[in-house]
């Protein structure tokens, strides 16, 4: 009797369950609720098992752009401070190079005396500064020390954020390569700076030769700093400034090529200024537009072989800088006039106008510096103006660049 009862109970339960299931299928709201509940559970489970990843986007690009623009500003500070250090003849005051140990300057009088004693062993003191006092030495020491510490600050500004952004996933493959290249260039720049200083500490073949750093190494040091600055500024601008959607017409492509050539000419003019500084060529002919009473001086090609004049003859070096400066001004004026005939975005027109105005101001600064026999404040302003001119030229390129496909 027990077995038939169990069969009856199971049969009734199955029929009741079947009727309940059929009723649930006839309820659309219940089916929708069950489907949403199931989908929500699957999504939650998948989210719990997947770690969030940061993908480069517009927000991260703006962060990277601000970082690189800040770094480029620090590089400008290093260039300006380096120029003032050279103009005050302070660059050879620190005769050693230590990455960490020299970060703390002398504190006591005994430490200052020891540092001064080391400086007295080198040609600059023996030939030029043999009557220098300790307070005067402190001034030139702090100038060079400040320049070196600023360089270390630049290095940290590149390296530490690079590590952080790399770990956060802000870099795409292209930016990883650029960031590593910029950091490597900073270290190279520091080593090149010491290599330059060493050239001024060496004994010259003639005992009466004025102690100065090699103009070749000085131009390499400045040129590498300008390259670092240009790369940082360009990358920062392209990350922050949206490109204009311009039709790729023949005239626009001509304008782009014209702008690129102008940037190259401005860079070359700034680099030639390093040779002028390294040879004190600004003190050779302090007249304009003539050099003395001639357009072309007699000693323009006095050295042999002829090629040597362009890098070691102060007269030729000043002449070259004049020619390059006038060529840059002419090119920028032509760029301005060519752009006025085209329909360009307002921002691009502003950039070209600012570049043109700065070019005329920079030429005026250069002529004034020459006529006044290179006073330190004016010469430092002229050097800073070259960086400002280069910055505006790069801004023009950023405004005219093509939209990436």
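One-based numbering along the chain as shown.
Cβ coordinates come from backbone N, Cα and C, glycine included.
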Examine the ranges 217-241, 292-316 and name the one recorded by TrEMBL as transmembrane segment.
217-241
Taking a Cβ cut-off under 8 Å, which residues six or more beyond the ends of the transmembrane segment (380-398) line up next to it in the same chain?
76, 79-80, 83-84, 87, 226, 229-230, 233-234, 237-238, 241, 256, 259-260, 262-263, 266-267, 269-270, 273, 328, 332, 335, 348, 351-352, 354-355, 358-359, 361-362, 365-366, 369
Is it true that the transmembrane segment (350-374) and the transmembrane segment (149-167) have 3 or more CB pairs under 8 Å, sequence gap of 6 or more?
no
